[in-house]
Amino acid sequence: VYQERFDIVQPHCSSEHTISLNTDFSKAAFGSATGLVAKAASQTTTAIWNLHADAHDFSNSSYLSKQVFAANLAHIGVVFIWLSGMHFHGAYFSNYLDWLQDPSIAPTAQQVSNIANQSVLNPIRVTSGFFNLWLAEGITSTYQLKVIAAFGLIASALCFLGSYFHMHSSTSFTRVLNTKLTSLSTHHLVGLLGLGSLAWAGHLIHISLPVNILLNAGVAVPSPHSLLSSKAVATIVEQLSFSALTSSDGYVWQPLVYSAMHHFALALVLIVGSVLGPLSTASNPLMSFTVGSSWHLVLGVQLFVTGTASVLYAQMSNAYPVYPYLLTDHPTVVSLFVHHMWIGGFFLVGAFAHLSIGLVRDTLPQSFSVVLTQRDIILGHLTWVVAFLGVHSFGLYVHNDTMQALGRPDDMFSDNAISLLPVFARWSTLTLNSTGSAVSVLGVELSTADFMVTHIHAFTIHTTVLILVKGFLYARSSRLVNDKYKLDFRYPCDGPGRGGTCQISPWDHVFLGLFWMYNSISVVIFHFFWEYQSNLASIKASAGGSIRALASDFELNSINTNGWLRNFLWSGAAQVIQSYGSPLAAYGLTFLASHFVWALSLMFLFSGRGYWQELIESVLWAHHKLYVVPHIQPRALSITSGRAVGLTHYLLGGIGTTWSFFLARIVATAG
């Protein structure tokens, strides 16, 4: 499948004008083109950079990969330790019991004993939704939290023992497990997701719903063991009325009932569908032939599903919340939305990355010939869509900026001038409820501002998809390089002297796609946060707090570029910038540190490798003059490694900056 020559065909030339380059890659190591310098790498820091770059780069046939794959129980063990620690700290160092008595108080963690006759020293505000989750589970005491923490440690120990057994003792079982990915996928669907959903539905019906009904009615909660029978549940429902869960006061929500129904139906679909239905590999030729033979393709599909589910949950966390008291805890709503949007974005990009690796290493181009022959049409249409959306979506803002500069507000796109309401705006209602001093918001009234920024969402998302789809479809071959099998997933930029291989590897497409994913998710969470907190402010400014009579800051000022810069970024950052010396100081310090990490990334992204190599050579010259010669010669990072370091700092710094900015603002204004 691999040729020792690349035929580079000019698209507008005849066959006699074909240019052939004889390029010998026989010395290149499989998995990375950095193997060309393998001889010198052992005496230079290049070996260190390669160690980082190749840490997860192993093929299906290696024994190491079988060990790692068999040790997946160790990963589950780490998750159990995390869960155990969460419940342990909730039992000993949180105000969960106080929050149960009065959910209007702020959930906090790490409450320590008095020091030098002082009160609790700035407990950490919990915005992860754990308190709401525990109440939805039916946990009403710290004893139950301690039991769960102990169970988590026991489960983690069992997982670690099972992982050790799979890695070192049961080699035959490991071999069978790793060579039958299709059966493993069925095991995941039936055993983990199917039976897990069924067990969770049973817990919601027998424990969570009765406990929440009793709490809402002010009745003492019995032992959970007494609620396991259907008779006990029926008695509670008959005596206390099931309508207690249908109230919309922000405390106990009917969606908890729908969650039980949803998980029961999902369990049936997964268990039956994975064995007999369309989810089984027996009735799915694509799964059995292609996806089932490649770990990377299986992982890519799973990342797609998980990432999509995370994004959907982010939308549901505010539009249709399941957990009790969530709607009146505004910092938690914001945190859940932002967190799951980021997770979904990273998972979806990771799906394209692993699909590209699988296409390069584990499949033949003929397997995807139907798709690959249409890739130019696919990319051509995507390019047209991106260009159309970009010009028209930004054109709306350019028009408004121009009209505002000319002093013609009546000619701007706005609710008060040229209205551009979404087609289905009437279907999305806004429900406001005042619960004590807190205000709960369910749903959002759509306006011209939403119409404009939603088209920006469409543009950024389609651009991200264009980059990632191009990287996937051209991962194995392209017009420039007709077979990338030995070049693999990532290879260096060789410049125009080698035909111009800059930015054509699948890794480079993932690199660029992550930046656009960052842009896409940033605009989404900016839109959500600004509209959410400005709606809260306008509700409080209204008479009685029951009907929103004032237009929000988002509706009035997000229709032009200056509004985003002035009203959202500059004005909204006042709390985090002025937080020093206040209980919000941690957010201010995080804001500063994250800005530094983000700025550090630019040093790697804006400079070339030659600059750093020449700087290193100058430092080495000085060392030689002083007869202090390092045994291992320093080498600059490769282009790919430098981009990876820059990308990592860019994403982490940007996310930390946004997170601290959001939380400081929402805690100070609506917390």
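Yeah, the Cβs are placed from backbone N, Cα and C, and that goes for glycine too.
Bear in mind that the values here come from a model prediction, so they are computed numbers and not experimental data.
Database features (Swiss-Prot):
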TRANSMEM  68-91  transmembrane segment
TRANSMEM  145-168  transmembrane segment
TRANSMEM  185-209  transmembrane segment
TRANSMEM  259-277  transmembrane segment
TRANSMEM  295-318  transmembrane segment
TRANSMEM  334-360  transmembrane segment
TRANSMEM  377-399  transmembrane segment
TRANSMEM  451-469  transmembrane segment
BINDING   Cys493, Cys502  [4Fe-4S] cluster binding site
TRANSMEM  509-530  transmembrane segment
TRANSMEM  584-606  transmembrane segment
BINDING   Met603, Tyr611  chlorophyll a binding site
BINDING   Trp612  phylloquinone binding site
TRANSMEM  644-664  transmembrane segment
**Fill in**
Outside the transmembrane segment (145-168), at least 6 residues beyond either end, the same-chain residues with a Cβ under 8 Å of its Cβ set are 67, 70-74, 76-78, 80-81, 83-85, 87-88, 90-91, 96, 134, 139, 174, 177
**Complete:** Counting every protein chain shown, other Cβ atoms within 10 Å of the Cβ of Met603 (chlorophyll a binding site) number 13
**Complete:** Should one count Cβ atoms within 10 Å of each candidate's Cβ, the binding-site residues Tyr611, Trp612 would be headed by Trp612
**Asked** Which is it, of Cys493, Cys502: the one of these binding-site residues whose Cβ has the most other Cβ atoms within 10 Å?
**Response** Cys493
**Message:** Under 8 Å between C-beta atoms and at least six residues away from its ends: which parts of the chain pack against the transmembrane segment (584-606)?
**Reply:** 122, 124, 575-578, 637, 642-643, 645-650, 652-657, 659-661, 663-664, 667-668
**Asked** Does DSSP give Cys502 ([4Fe-4S] cluster binding site) helix, strand or coil?
**Response** coil
**Request:** Taking the transmembrane segment (644-664) as the first stretch and the transmembrane segment (334-360) as the second, find out whether 3 or more Cβ pairs fall under 8 Å, excluding pairs closer than 6 in sequence.
**Result:** yes
**Asked** Three-state secondary structure of Cys493 ([4Fe-4S] cluster binding site) from DSSP?
**Response** coil
**Item:** Nearest recorded site to Trp612 (phylloquinone binding site) by CA-CA distance, among binding-site residues Cys493, Cys502, Met603
**Value:** Met603
**Message:** Can you give me the Cα-Cα distance between Cys502 ([4Fe-4S] cluster binding site) and Tyr611 (chlorophyll a binding site) in Å, rounded to a whole number?
**Reply:** 18
**Structural state of Trp612 (phylloquinone binding site), classified by DSSP into three states** = helix
